[in-house]
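S.K.: According to Swiss-Prot, the record shows the following:
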{"type": "ACT_SITE", "residues": "Asp47", "note": "active site, nucleophile"}
{"type": "CARBOHYD", "residues": "Asn79", "note": "N-linked glycosylation site"}
{"type": "CARBOHYD", "residues": "Asn103", "note": "N-linked glycosylation site"}
{"type": "CARBOHYD", "residues": "Asn217", "note": "N-linked glycosylation site"}
{"type": "SIGNAL", "residues": "1-21", "note": "signal peptide"}
Amino acid sequence: MQVIVLPLVFLATFATSGSLAAPDASPEIVPVDGGLSGYGTTTRYWDCCKPSCAWKENINTPTMTPVQTCAIDGNTVVNASVQSGCIGGSSYMCSNQQAFVVNSTLAFGFAAGSFTGGVDNNLCCSCMLLTFQGQLAGKQFLVQITNTGGDLGSTSSIWPFPGGGVGIFTQGCHDQWTPRGAAGGDQYGGVYSVEQCSDLPEVLQPGCRFRFEFLENVSNPQVSFQQVQCPAEIVAISNCAL
């Protein structure tokens, strides 16, 4: 389903500095002048693959530094030229590229995104502030775009949550975490209870629980979004910023 991009109405309040302050947060969230805004759809995945924005040729940032990727241990950073573990190489998504809670109404994380439909590398390493609709109204999720894909619709966002389902790339997590596979649950959708998060490698369990705790196990929530400056906390993890 295509989503029409519409003007965004924020739940956050404007600080005197022109930044966006989450309801009970201290971090300043600064909008990008002329940046994207609208409404979008969401879903989840965790396929362990090297993300699209980790390839230098897909990057158009001031430093031309792509998203960091890691060796099979999920921790040791590898060169950007190393092939993805999902197609026979030895480069995987780093285990620290998981969502994390800032406070009761704000979280930081990462996403695969498209704003044109299909593969869209133009906004690699940009950040979007997502404001939840419906049951999660009052909460926000600030994500950095680190991946994209041919199966994405226009203005859609897919969040990498461990145990979120491997999707079309079924081999990466199996190879990275054998004998204790990190796929978890169904190919699409992943685990269906917080208790199943304990079946994942320990380093991935916090990101799995995030879905059930901060997101209250709401599947595929609708969001409004606005492009914002990437917080230092996110850039320190990905090593990339637009």
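The count begins at 1 with the first shown residue.
Note that Cβ sites are derived from N, Cα and C of the backbone, with glycine treated the same way.
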S.K.: Tell me which of the recorded positions Asp47, Asn103, Asn217 ends up closest to Asn79 (N-linked glycosylation site) in space, Cα to Cα.
M.R.: Asp47
S.K.: Between the residue listed as 'active site, nucleophile' and Asn217 (N-linked glycosylation site), what C-alpha distance do you get in Å?
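M.R.: It is 20 Å, counting Cα to Cα.
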S.K.: If you count the C-beta atoms lying within 10 Å of each candidate's C-beta, which of the glycosylation sites Asn79, Asn103, Asn217 ends up with the smallest number?
M.R.: Asn79
S.K.: Measure the Cβ-based neighbour count of the residue listed as 'active site, nucleophile', defined as the other Cβ atoms within 10 Å of its Cβ.
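M.R.: Its Cβ shell of radius 10 Å holds 29 other Cβ atoms.
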S.K.: Asn103 (N-linked glycosylation site) to Asn217 (N-linked glycosylation site): how many Å between their Cα atoms?
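M.R.: Cα to Cα, Asn103 (N-linked glycosylation site) and Asn217 (N-linked glycosylation site) are separated by 18 Å.
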S.K.: Work out the three-state DSSP category of Asn217 (N-linked glycosylation site).
M.R.: coil
S.K.: In DSSP terms, helix, strand or coil for Asn103 (N-linked glycosylation site)?
M.R.: strand
